[in-house]
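Novice: Mind looking over this structure? Questions follow.
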Amino acid sequence: MDQCVKCPDHQYANTERSQCLQRTVTFLDYQDPLGMALACTALCFSVLTAAILGVFMRHQHTPIVKANNRALSYILLISLTFCFLCSLLFIGRPNTATCTLQPIAFGLVFTVAVSTVLAKTLTVILAFKVTAPGRRMRRLLVSGAPNYIIPSCSLIQLTLCGVWLGISPPFVDSDTHSEQGHIIITCNKGSVTAFYCGLGYLGSLALGTFMVAFLARKLPDTFNEAKFLTFSMLVFCSVWLTFLPVHHSTKGKVMVAVEVFSILASSTELLGCIFAPKCYVILLKPHSCSLRGFRDKTLCWSHKPS
């Protein structure tokens with residue numbers, strides 16, 4: 001007691017308080033079962049998304065692919081591929097490069113994906129409004145005005161990321177208090193305000209996309225694209241609303257695992273809700289969406305551009 005010494009940050013006291021022991025450095029590693037499972041899941045789904053893109057490109061001249069706006073479908077599939085791959089930045093030992101790329105990659109690719117869904121939804125609405133009197137809707141549809149939503153929304157998110165990196169960028173941090181005997185290496189978000197601004201903008205964009213898709217849900221029953229878009233954005237918003245309280249209640253590598261799981265879950269539901277029905281028709285029922293079947297509304301799932 002006369003010679004009581006506090007242990008350094010990289011060490012901790014044993015149970016008898018008689019000596020200092022070396023702390024173990026820990027992070028969400030690829031060699032951990034959890035990190036390995038998340039990394040394999042991300043790679044498998046990225047390959048699956050690329051395969052679906054290949055299916056769409058191979059059947060690009062079929063009516064069902066044409067009707068669902070090939071360009072927007074390609075952009076959405078490419079962005080979803082990068083959504084799965086960006087989760088790999090959160091796994092492994094953090095360094096300055098990965099900590100800097102995390103907010104840019106996550107914010108930008110998800111903004112592209114959600115804004116593409118918004119563009120598809122607006123195209124659906126305009127396609128049905130074309131039949132109404134007036135030429136304004138037709139001009140908007142022919143000019144491809146909804147497609148400008150993607151670069152506009154992405155530019156806003158890129159600006160927010162630039163401000164974040166300019167004011168207080170993320171950096172490598174060590175946590176010595178969450179777990180006894182461990183030093184947890186994590187990426188500190190830097191500016192918490194900038195983090196929530198970027199996440200809030202993405203959430204607002206997703207919520208706005210859901211509201212637009214929800215308003216378009218009463219389109220004719222033979223056209224199911226709006227219903228798929230509505231359901232996909234509903235699940236997307238639910239995943240990230242669940243993420244916020246769970247993110248605040250966890251620490252260390254469990255918190256990183258929650259972030260990766262949320263990225264994978266939201267990307268998977270967008271891929272499944274939007275593209276699974278189309279792949280089912282293309283691969284398993286190819287004759288139902290031939291030109292002859294396409295003209296029959298009872299056989300095809302869509303007959304308007306989306």
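Cβ coordinates are placed from backbone N, Cα and C, and glycine is handled just like the others.
Please treat TrEMBL annotations as automatic predictions, because they have not gone through curation.
As the structure is a computational prediction, the values presented were derived from the model and not from experiment.
Feature list, courtesy of TrEMBL:
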- 34-298: domain 'G-protein coupled receptors family 3 profile' (DOMAIN)
- 36-59: transmembrane segment (TRANSMEM)
- 71-92: transmembrane segment (TRANSMEM)
- 104-128: transmembrane segment (TRANSMEM)
- 148-167: transmembrane segment (TRANSMEM)
- 193-216: transmembrane segment (TRANSMEM)
- 228-248: transmembrane segment (TRANSMEM)
- 254-276: transmembrane segment (TRANSMEM)
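Walk me through where these features lie, including what they touch and how far apart they are.
Specialist: Distant neighbours of the transmembrane segment (104-128): 68-69, 72-73, 75-76, 79-80, 82-83, 86, 89, 137, 140-141, 146-147, 149-150, 152-154, 156-158, 160-161, 165, 198, 201-202, 205-206, 208-209, 212-213, 215-216, 219-220, 223, 225-226, 229, 232-233, 236, 263, 266-267, 270, 274, 304-306; these residues of the same chain sit at least 6 beyond its ends, with a Cβ under 8 Å from one of its Cβ atoms.
Proximity of distant same-chain residues to the transmembrane segment (148-167), defined by a Cβ-Cβ separation under 8 Å and at least 6 residues beyond the stretch ends, is recorded for 75, 100, 103-104, 107-108, 111-112, 114-116, 118-119, 122, 190-191, 194-195, 197-198, 201-202, 205.
Within the chain, the transmembrane segment (254-276) has long-range Cβ neighbours (under 8 A, six or more residues past its boundaries) at 27-28, 34-35, 38, 41-42, 45, 48-49, 52, 73, 76-77, 80, 83-84, 86-87, 90-91, 106, 110, 113, 117, 186, 228-229, 231-232, 235-236, 239-240, 242-243, 246-247.
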Novice: Using a Cβ cut-off of under 8 Å, list the residues of the same chain at least 6 residues beyond the transmembrane segment (228-248) that approach it.
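Specialist: Contacts with the transmembrane segment (228-248): 114, 117, 120-121, 124, 199, 202-203, 206-207, 209-210, 213-214, 216-217, 255, 258-259, 262, 265-266, 269-270, 273-274, 277.
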Novice: For the domain 'G-protein coupled receptors family 3 profile' (34-298), what is the mean per-residue pLDDT, to the nearest integer?
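Specialist: Taking every residue in the domain 'G-protein coupled receptors family 3 profile' (34-298) and averaging pLDDT yields 82.
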